[in-house]
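Undergrad: I'd like to ask you about the structure that follows.
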């Protein structure tokens, strides 16, 4: 222990020498090299004094302190005296944001304890409850919250879409107060709303409202299996399954008019609920994805209601599409319900095309009893389409070889467009799910269940997931734009970058001014969730955590709720007055499950619809008893 007396004696010693120097300079101020005390002697004295000071303060190991040698110093009961380094030390430099390819190289970042992931999962639940509080306080009963102007808006038909979209998320998280509030509103208001409201879109109403009702029905024990395979604690509050099924059937009966009113197997796009009528879109066309993304919901409703009409009408769509010409399994993004034929040549896996490919696989997975018989053609269509994606749409960027999926706006014989919607980021999860059918990669390998093509698809899934994450980390906010373009060999098209200049891929990704908005979309975190479940690689959790933190930093509104952003490349980002229903129904749900430690909703027993509503894999009685 350094004594105060020792410190003072050293200070006195140095002070006496400095006094001699100053006196000498004072008496010889007009001469630099006259007399006995020259400038050279002055400098020599300073050097000797410095060396003496260091010698008196050296540590037992030498002149460098233990702290700088990286050695542990026992500071218990030791209070160090301040030294000159304390005042000369520079402030630390803040490290740059760690890109995703570097995160998993740092083992200390990945080896998080279970309690750490449980803590992060709790943060997501808190975010969900915060988002709900904003909606409840300012927009209860409306489809969506406008968090900046503190009011609600009906853009999805006025069926309280946020409430229904959020219910199963609340059940999964054990957010009992939200479950009570949401289920009470549904029981008291939704049936009346359905009978009184006007036009709704068949696709949006099916995936959000019908899907949300049926998922909550199942998780609440409606088909007597909700608590068996889901992993959700029985102590969590549930909704009233009988009422949910009743409302589901009433809604589905009205939506069926879109199928039965069409002259072909392709349903019309819109339904007038109160009139029980349906009509096509103004241009007469339906989106391919919208017509083919209805089957999970209607098939499950037939199973639990005992009425085959729902499944029969919905499955006619896929059976008809099976017969239509395709480009290596790929299809145009529009289809005509009057002729039953595809319209145009635009091929992409973004908007209007995405979930066609997703449901080819997921409907096949859902109906396990028919996988090798009547629905085998769906997996064959999916397999052919993924081969077409790899052959026609997958490219690598320059200079850093990010893998992405582009578009063919004018068909196979037209120019390739290096454009990728954020919506395409569903694909990594779908590819991984198609490879292992929901079990872990390790288990699939141990049981020799993976073909060479499965392994290739898994690798493509991981490569694409990295690109999707870089779309976040290349921007100033750490949040992805709605659309990105990519630099490729031979394409001279330039454009602005994401704004975060330290990112390795800042010159690979172009973000055009009209594409810079972020709508709180879920597709990337959906794929991170699926890939983590299947590969068990912790980097997907770390990437998801970084994305969640960016949402918290830039989209959280002080008065409650979260907002979309106008421009992810600028700081601070300008906000949009909208909180999409899928932020509660999908984005936060997938993040919560990504950090889950108990394999809630296992992927070999559940299939998530395109709005993240989990529905059970349907087995025959014999299959169910065997799995138990």
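Numbering starts at 1 and runs along the chain as displayed.
Each residue, glycine too, has its Cβ placed from N, Cα and C.
So TrEMBL lists the following for this protein:
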- 204: active site, proton donor (ACT_SITE)
- 354: active site (ACT_SITE)
- 425-468: disulfide bond (DISULFID)
- 482: active site, proton donor (ACT_SITE)
- 523: active site (ACT_SITE)
- 610: Ca(2+) binding site (BINDING)
Undergrad: Sequence order is fine: just name those recorded positions in 204, 354, 482, 523, 610 with a Cα within 10 angstroms of residue 468 (disulfide bond).
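TA: Matched recorded positions: 523, sequence order.
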Undergrad: When neighbour density is defined as the number of other C-beta atoms within 10 angstroms of a residue's C-beta, which of the active-site residues 204, 354, 482, 523 has the lowest density?
TA: 204
Undergrad: Rounded to the nearest angstrom, how far is the Cα of residue 354 (active site) from the Cα of residue 523 (active site)?
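TA: If we compare the Cα positions of residue 523 (active site) and residue 354 (active site), the gap is 11 Å.
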Undergrad: Measuring Cα to Cα, how many angstrom lie between residue 204 (active site, proton donor) and the residue listed as 'Ca(2+) binding site'?
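TA: The Cα atom of residue 204 (active site, proton donor) is 10 Å away from the Cα atom of the residue listed as 'Ca(2+) binding site'.
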Undergrad: Round to the nearest Å and give the CA-to-CA distance linking residue 425 (disulfide bond) with residue 354 (active site).
TA: 10
Undergrad: Write down the Cα-Cα distance for residue 482 (active site, proton donor) and the residue listed as 'Ca(2+) binding site', rounded and given in Å.
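TA: That comes out at 18 Å between the alpha carbons.
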